[in-house]
Structure formats: C-alpha cells, structure tokens
C-alpha cells in the first residue's frame with residue numbers, strides 16, 4: 001500500500017546547500033526509496049526568481065517520489081502542514097561583522113520562523129537546524145516555539161561526524177562504511193571535540209578499536225581533531241564556496257536515521273537538548289552520541305570520559321553557554 005506523502009520544508013532553498021539538498025529529498029535519499037514527499041521551499045523575496053528556477057528544475061527532473069512542490073517567500077505558506085523542517089536559511093557572518101551582529105540578525109530570522117512552525121506545522125514536526133551558528137539558532141527556535149517538544153528540535157553535527165569517519169577511513173585505508181561510533185561533542189564550531197576513544201573498525205579479524213589500529217595518539221589527539229574542526233574553512237579555501245554537497249548529504253543522513261533508526265550497535269552525532277548527561281549543562285543544544293528508534297533519539301549513556309576529553313567537553317560547553325547568553329541579550 002502506498003505511503004502518504006511527508007511534507008518536508010527546506011528554508012534557504014535557493015541557496016547552495018538548498019540546491020544540493022532538494023533533489024536528494026525528492027530522490028528518496030532522506031526518507032527512503034518508497035516514501036513520497038511534498039517539498040516546501042522557502043527563501044527571501046530577493047531570491048524569489050532563483051527559487052522559481054529551482055522549482056522548474058524539480059519539475060523537469062520528474063522525480064517519481066515528488067508529489068508536489070510549494071515554492072514561496074511567505075513563511076506561513078511554507079510552514080503549513082510540514083512534518084519535517086530543515087532550516088538552512090540564515091544570515092551569514094560577513095567580513096567586519098561582530099558575532100553579536102550576526103546573532104542579532106539570526107535571532108530575528110529564527111524568531112519569525114519558529115512562530116510560524118509552532119502555529120502552522122503538523123503535529124510532532126521534527127526540526128533540523130543547519131544554518132550557523134546552528135546550536136544557538138536551534139536554541140532560539142526552541143525559545144519561540146515552546147509547544148514544539150524539545151526532543152523535536154535538533155541541529156546538524158552529522159557533517160562533522162561524517163568528516164571524522166572520512167579522516168579515519170583515509171588514514172587506515174579502509175572503507176568508510178567499516179568505521180563507526182566516532183563522536184562529535186559540543187558546538188558545531190572550531191571548539192567541537194571529535195572523539196575516537198569508542199570508535200571501531202570492522203576488519204577481517206572482527207571489530208578493532210580505532211586507537212589500536214591507528215597506533216598514533218599524537219595524530220589522533222592533534223592533527224585529526226584540528227582537521228575535522230577546520231574542514232569547513234579548508235573547503236572554502238579550495239572551492240571559494242562553503243561545503244554544500246556534504247552538508248546536504250549529512251542533513252539527509254541526520255533525518256533518515258532519526259526517522260528510520262540507527263543500525264544496532266551504531267550511534268551517530270546529533271545536536272540535541274542537553275539533559276545534563278556527561279555533566280554538560282542542561283538547557284544547551286549540544287552534540288552527543290545518540291541512537292534512534294521509532295522516530296526518537298536517545299543519548300548513549302555510560303561512555304568513559306578521560307581527562308583530555310573532559311577538558312574538551314567543558315571547553316565547547318563554555319563556548320555554547322557564552323553564545324546562549326549573547327543570543328538572549330539580543331532578545332531584550
């Protein structure tokens with residue numbers, strides 16, 4: 001029996017990430033090859049013509065799973081009835097701008113979009129914030145959409161998670177699908193902590209710890225971490241544009257695992273509302289290792305945290321607390 005279509009909102013849909021993301025959604029990469037979708041695409045009025053061009057291309061691609069397209073600059077029309085909201089649109093930091101200026105712009109954007117989602121989205125709408133500062137934008141959204149359950153508001157750190165998997169795969173010359181259970185802790189920023197202490201590689205002799213196979217703690221505690229932390233900047237330097245393809249792909253991974261579940265024995269990284277696990281202050285949107293089942297995520301509990309890791313978890317939490325205070329100061 002055919003499934004009912006799921007309505008997926010993509011904000012900033014005429015931008016780089018949006019342009020890479022919408023065909024993936026329409027092709028079934030996000031929700032599965034048997035799940036019809038209706039795409040809701042939102043962008044700002046100056047991008048209306050470009051947005052219409054994206055809609056034309058979606059029609060031209062004749063995606064069998066795509067059962068409708070809403071392309072609009074009206075936030076209410078965009079949010080009406082959506083089951084999933086992928087918040088890609090935001091105000092990017094420009095040269096010479098202070099962090100507070102960027103935060104202030106994003107507070108106003110996320111305030112209006114949160115209000116529209118709260119009033120017009122489908123019940124139990126799941127939200128993924130991609131636009132930076134992603135963790136804090138998600139927190140603002142939560143503040144202005146109090147009726148959306150806090151477990152339904154997340155931010156993207158799967159891109160960093162996938163980057164970490166890729167670096168280990170390249171270092172060990174193994175398939176990336178054989179590497180699992182890296183962790184991204186904290187903020188989607190240069191303070192994030194890519195942690196391999198619990199990661200394993202599937203080898204012909206069974207699962208082996210990444211640390212044992214790499215056998216180079218200096219690299220794992222140094223260059224590996226900074227490479228993952230600064231990968232976005234490296235891509236901008238190489239492409240003269242930010243990472244769009246990998247961001248779109250990881251957004252699909254995030255939603256797919258959230259909706260359809262993580263494989264047994266595997267966790268992923270998601271920016272979620274902290275409940276105080278691992279002594280991370282409650283009330284932050286912080287990246288944790290999670291498993292997903294029946295459309296719900298759960299923080300993986302009981303992992304050992306060494307002293308180096310503890311310091312890095314605390315450092316990124318401190319930055320997030322400062323960002324939270326800055327965001328709240330923009331509300332007054």
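Glycine is treated like the rest: Cβ placed from N, Cα and C.
Curation does not apply to TrEMBL; its annotations are automatic.
Residues or ranges marked as domain 'Lactate/malate dehydrogenase N-terminal' in TrEMBL: 7-153.
Cβ neighbours of residue 14 (NAD(+) binding site) (same chain, under 8 Å, six or more residues apart in sequence): 41, 43, 47, 50, 51, 53, 54. Look at TrEMBL and you will find 12, 13, 14, 15, 16, 17, 18, 43, 106, 130, 131, 132 tagged as NAD(+) binding site.
Marked as substrate binding site by TrEMBL: 93, 99, 132, 163. Its Cβ placed at the centre, residue 132 (substrate binding site) has 20 other Cβ atoms within 10 Å.
According to TrEMBL, the feature domain 'Lactate/malate dehydrogenase C-terminal' maps to 157-326.
Other Cβ atoms within 10 Å of the Cβ of residue 188 (active site, proton acceptor), summed over all protein chains shown, number 29. Sequence annotations record features per position, and here TrEMBL assigns active site, proton acceptor to 188.
Between the C-alpha atoms of residue 188 (active site, proton acceptor) and residue 132 (substrate binding site), the distance comes to 8 Å. Sorting each residue of the domain 'Lactate/malate dehydrogenase N-terminal' (7-153) by its DSSP state yields 70 helix, 27 strand, 50 coil. For residue 18 (NAD(+) binding site), the nearest of the binding-site residues 93, 132, 163 in terms of C-alpha separation is 132. Confidence annotation: the domain 'Lactate/malate dehydrogenase C-terminal' (157-326) carries a mean pLDDT of 97 in the model.
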